[in-house]
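Q: Got a structure for you, questions after.
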Amino acid sequence: MNNEEKQLKWDTTWLLFARMMADRHSKCASKSVACVIVKDEKPISIGINGTPSQHVNCNEIYLKQDGILYTSRPDHPIVEESVERNGTLFYRCENQEEHHEWSKQHEIHAEINALGKLAADSTSARHATAYVTHSPCHACSLALIASKIDRVVYSTGYEYGDGLNLMRQSGIEVIHLPLANEYFLEKI
Ligand SMILES: [Zn+2]
Ligand SMILES: [Zn+2]
């Protein structure tokens with residue numbers, strides 16, 4: 001196996017790890033995102049999108065089913081269309097963009113959570129690689145640039161904002177690595 005193949009194998013492994021962290025541990029009703037920061041072949045930080053600890057989780061007040069957003073917020077008008085989850089009734093949101101607005105105010109993106117944990121421990125992300133399930137938004141791209149990350153590897157495009165060019169302009173190597181279904185069906 002040459003160096004390029006080895007790198008691809010490790011990139012895929014860390015990206016799969018990020019994907020598993022997101023799928024199993026994100027408490028966002030809309031999107032499961034995780035960021036794993038790897039330096040010198042070791043994971044040094046893991047960030048998952050969500051509210052700060054001690055705060056109410058997104059999936060306690062929002063629920064997404066078949067692409068439709070529902071809420072259990074007590075101030076939301078009671079409408080006929082509802083879904084029950086664990087004994088709580090969630091009503092269909094009239095404004096389907098409501099979660100996006102709420103999320104901007106309350107949820108921390110996975111990349112910021114990962115970088116924040118490093119900052120709390122005074123650990124540098126310089127020359128590290130960030131593996132992210134979704135392409136970083138504008139604000140997270142700026143934070144990754146500021147932290148002197150060398151590489152960013154992501155698997156899925158993200159519809160709100162795009163900081164990929166911003167990172168490339170700053171000399172970060174940006175790699176799009178879609179994860180094939182075969183990894184989930186056969187290799188785990
Ligand atoms: Zn959310
Ligand atoms: Zn972001």
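Heads up, the Cβ atoms here are built off N, Cα and C, so glycines get one too.
Please treat TrEMBL annotations as automatic predictions, because they have not gone through curation.
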Q: According to TrEMBL, CYS137, CYS140 bind Zn(2+); identify which of HIS106, HIS109 is listed for that same site.
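A: Candidate in the recorded Zn(2+) site: HIS109.
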Q: At the Cα level, what's the spacing in Å between CYS140 (Zn(2+) binding site) and GLU111 (active site, proton donor), rounded?
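A: Rounded to the nearest whole number, the Cα-Cα distance is 6 Å.
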Q: Identify, in sequence order, the residues in the chain of HIS109 (Zn(2+) binding site) that are 6 or more apart from it along the sequence and have a CB within less than 8 Å of its CB; answer 'none' if there are none.
A: VAL33, GLY47, ASN49, PRO136, CYS137, ALA139, CYS140
Q: Taking the Cβ of GLU111 (active site, proton donor) as centre, how many other Cβ atoms lie within 10 Å?
A: 28
Q: Have a look at the binding-site residues (CYS137, CYS140) and report the one with the fewest Cβ neighbours inside 10 Å.
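A: Output over binding-site residues CYS137, CYS140: least Cβ neighbours within 10 Å is CYS137.
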